[in-house]
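Participant: The structure follows.
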Amino acid sequence: MSELTYKRILLKLSGEAFMGDSAGGIDGNTVLRLAEEVKQLCDIGVQVGLVIGGGNILRGSEVASDVMNRVTSDHMGMLATVINALAMQDSLESLGQDVRVMSALQINQVCESFKRRRAVRHFEKGRVVIFAAGTGNPFFTTDSAASLRGIEVEAELLIKATKVDGIYSEDPVKNPDATLYSRISFDEAIDQRLNVMDATALVLCRDHKLPLRVVNIFDKGAIKRLVMGDDIGTLVE
Ligand code: UDP
């Protein structure tokens with residue numbers, strides 16, 4: 001087996017990645033396909049942490065209103081990420097992969113609470129760790145949670161799986177001539193507002209030297225090739 005370029009990674013999946021062709025919710029087969037990608041990584045010895053968004057169910061900013069406080073709606077959004085985490089947990093287990101969900105909010109009947117040292121222990125035992133409920137605080141996103149957890153558990157790489165091949169100069173859906181960057185700096189991504197991750201997440205990664213790769217979620221096996229050293233997607237560092 002070739003050398004692994006990255007031994008411990010943090011993979012951020014948006015909630016939308018769970019929808020398949022539906023307009024929302026969770027498509028079991030889609031989650032299973034993503035779980036298979038994760039299991040491939042574990043099978044070659046990569047320690048995998050996952051942060052899953054909740055946008056397929058609810059985003060706090062979208063439901064906040066005069067009659068719904070933003071803090072409440074963000075709590076709902078964080079609970080949505082727990083729902084997705086549980087779906088992924090069962091898909092991974094159905095493939096024979098050990099996995100633990102650790103939540104930033106205490107829901108002890110449902111999953112463990114996040115404790116950094118325990119998370120690292122899970123990694124050492126070959127378990128996937130799904131970090132649920134974001135940061136546990138309103139007004140943040142799961143992108144920021146992914147940066148935060150990645151830094152805390154000393155992941156060597158943060159991977160953001162998206163619907164496109166990496167970071168473009170413009171939205172490639174709107175402009176097919178947009179340029180795909182193979183490498184940019186965090187400062188460029190922040191200054192040019194390239195819509196990669198929110199600024200909080202990018203600043204955290206920059207300040208704590210956690211490199212970020214943006215890859216296409218639909219490119220089968222891409223993440224495995226990436227951890228084995230292939231230059232895939234866009235590298236931000
Ligand atoms: N959220 C939050 N704090 C966090 C992370 C998430 O309040 O630290 C809430 C927020 O309402 C957000 C929702 O959870 O809209 C779902 O997360 P996100 O929008 O990041 O999901 P994604 O777009 O990645 O699916």
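Including glycine, each Cβ sits where the backbone N, Cα and C put it.
Pulled from TrEMBL, these are the listed features:
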| type | residues | note |
| --- | --- | --- |
| BINDING | Lys12, Leu13, Ser14, Gly15, Gly55, Arg59, Thr162, Tyr168, Asp171 | ATP binding site |
| BINDING | Gly54, Asp74, Thr135, Gly136, Asn137, Pro138, Phe139, Phe140, Thr141, Thr142 | UMP binding site |
| DOMAIN | 7-216 | domain 'Aspartate/glutamate/uridylate kinase' |
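A description of the local structural setting of each listed feature is requested, covering burial, neighbours and distances.
Facilitator: Taking the Cβ of Ser14 (ATP binding site) as reference, residues of its chain lying under 8 Å away and at least six apart in sequence are, in sequence order, Ile52, Gly53, Gly55, Thr142, Ala161, Thr162.
Around the Cβ of Gly54 (UMP binding site), the same chain contributes Gly15, Gly77, Met78, Leu79, Ala80, Thr81, Ile83, Asn84, Gly134, Thr142, each under 8 angstroms and 6 or more positions distant in sequence.
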Participant: Reduced to three states, what secondary structure does DSSP give Lys12 (ATP binding site)?
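Facilitator: For Lys12 (ATP binding site) - judged by DSSP and reduced to three states - the answer is strand.
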Participant: Looking only at DSSP and grouping its letters into three states, which state does Phe139 (UMP binding site) belong to?
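Facilitator: SS state of Phe139 (UMP binding site) = coil.
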Participant: Among all protein chains shown, how many Cβ atoms are found within 10 Å of the Cβ of Phe139 (UMP binding site), not counting that one?
Facilitator: 12
Participant: Give me the Cα-Cα distance between Lys12 (ATP binding site) and Thr141 (UMP binding site), rounded to a whole Å.
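Facilitator: A Cα-Cα distance of 11 Å.
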Participant: Among all protein chains shown, how many Cβ atoms are found within 10 Å of the Cβ of Thr162 (ATP binding site), not counting that one?
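Facilitator: So the number of other Cβ atoms within 10 Å of Thr162 (ATP binding site) is 23.
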